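Some features that Swiss-Prot has for this protein:
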type	residues	note
CARBOHYD	Asn87	N-linked glycosylation site
CARBOHYD	Asn135	N-linked glycosylation site
CARBOHYD	Asn148	N-linked glycosylation site
REGION	149-193	region 'V2'
CARBOHYD	Asn181	N-linked glycosylation site
CARBOHYD	Asn194	N-linked glycosylation site
CARBOHYD	Asn259	N-linked glycosylation site
CARBOHYD	Asn273	N-linked glycosylation site
CARBOHYD	Asn292	N-linked glycosylation site
REGION	293-325	region 'V3'
CARBOHYD	Asn327	N-linked glycosylation site
REGION	358-368	region 'CD4-binding loop'
CARBOHYD	Asn380	N-linked glycosylation site
CARBOHYD	Asn407	N-linked glycosylation site
CARBOHYD	Asn442	N-linked glycosylation site
Amino acid sequence: MRVKEIQRNYQHLWKWSLIILGMIMICKAIEKSWVTVYYGVPVWKDAETTLFCASDAKAYEKESHNVWATHACVPSDPSPQELVLGNVTENFNMWKNKMVEQMHEDIISLWDQSLKPCVKLTFLCVTLNCIDVKNSTNNNTEEATITNCSFKVPTELKDKTETVHTLFYKLDVVPLNVTNNSSISSTYRLINCNTSTITQACPKVSFEPIPIHYCAPAGFAILKCNDKKFNGTGPCKNVSTVQCTHGIRPVVSTQLLLNGSLSEEEVIIRSENITNNAKTIIVQLNETVKINCTRPGSDKKIRQSIRIGPGKVFYAKGGITGQAHCNITDGEWRNTLQQVAIALRRQFNNKSIIFNSSSGGDIEITTHTFNCGGEFFYCNTSELFTGIWNGTWDKNCTSTESNCTGNITLPCRIKQVVRTWQGVGQAMYAPPIEGTIRCSSNITGLLLTRDGGNGKCNSK
């Protein structure tokens, strides 16, 4: 989408031009010529303007998107209008889009405002004495990913401290000295303490996205490309104008795109430069794939409260839960991956398409990262991105085959200390959530990278 501004070459005639334009649109509505008048007089040009947001946010909700949108956005239009521009061709470039940049800035603002009143956890940047808690052969719990740590915290009396014990995920701590036997107590620190200020997310605050509409101010309109096979750059011959976009959920995830919009026809491949393997490939699916994720609860209390001085509480992990995981129907996923391979093969001159898991990097890149019910999941997707397509699929699946009616289970790990992707030097501590957590999403797209050789694609 692009924002266009009406060019004001004759400022003293502007009021009259609006009145005349309105009259022409009313009087000529049944004729075809009015489109030319609307689009050509006055002249439209590219413009950089600040859009405003609209939403159906509920003031009584404590969810962060609702809180932010209640103050930052206007109510959404119950009957939005769209005007098709006949015989109009416009150039679009989704990779250089001011509206997308503004959306990013708004999400940064949302997270910043959500964390401002919350407790800074500078006291956690101390030496942690930790020992593994794995003492059983039960693989259905998260014991192997947990360490039990003791450290000193401030009390109500400024000159006194006390020692407390709590559980941390191993992904959240870094050893200061490595020992050969992992069961022996060792010293650690929190993973982001050397680079970031850590803020604890306020209790009873969640991050479940709601649809946000972006709207053009008076004198501007948003141009929308309606070509069903548009690849993101170049001319678009099916153009319309809208005052506001459709509702966009600001979902933050990696590798798999969740709860987005679908292609109306075939799978669409988009890249700023498909021949440059450093550029991300965005795949828009034409059918959703359901992904169901669970973190089982526990009989024991999962969250414990630790006082860290006057009026401040640190919500620590106090119990072990079941192993977090996600399920995807095998047959649905294989059929989807086949359609993606066919679309990719058209881009790469019918070369064989080989799917592999991520080739390395930060955990946010090597796993499918997303928020599920307030916990941050990091799921291993190596079972998803595997297979070769060279005109035939080496892993054919239909719903009637016995080995494809089951689920692909993705083991997931959880982090509580999360780097806020929108800012440098900032990290968030997500307090543990009590009870069983479940979330169900629709996979509507993929993020892929291509290696430097053939048609080999890695998840990103």
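Cβ from N, Cα, C; glycine included.
Owing to the predicted nature of the structure, the values given are computational and were not obtained by experimental measurement.
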Cβ neighbour count (within 10 Å, all chains shown) around Asn273 (N-linked glycosylation site): 10
Spatially closest candidate among Asn87, Asn273, Asn327, Asn380, Asn442, the listed glycosylation sites, to Asn259 (N-linked glycosylation site) (Cα to Cα): Asn442
Contact set, same chain, for the region 'V2' (149-193): CB under 8 Å, 6 or more residues outside the stretch: 123-133, 142, 304, 306-310, 314, 316-320, 363, 378, 413-417, 419, 427
Asn327 (N-linked glycosylation site), number of other Cβ atoms within 10 Å: 16
Euclidean distance between Cα atoms of Asn442 (N-linked glycosylation site) and Asn273 (N-linked glycosylation site), Å: 27
Of the glycosylation sites listed as Asn148, Asn194, Asn407, Asn442, the one whose CA lies nearest the CA of Asn380 (N-linked glycosylation site): Asn407
Among Asn87, Asn148, Asn194, Asn292, Asn407, which are recorded as glycosylation sites, the nearest neighbour of Asn442 (N-linked glycosylation site) by Cα: Asn292
Separation of alpha carbons, Asn87 (N-linked glycosylation site) and Asn148 (N-linked glycosylation site) (Å): 67
For Asn407 (N-linked glycosylation site): intrachain residues, at least 6 apart, with Cβ closer than 8 Å: Asn327, Ile328, Thr329, Asp330
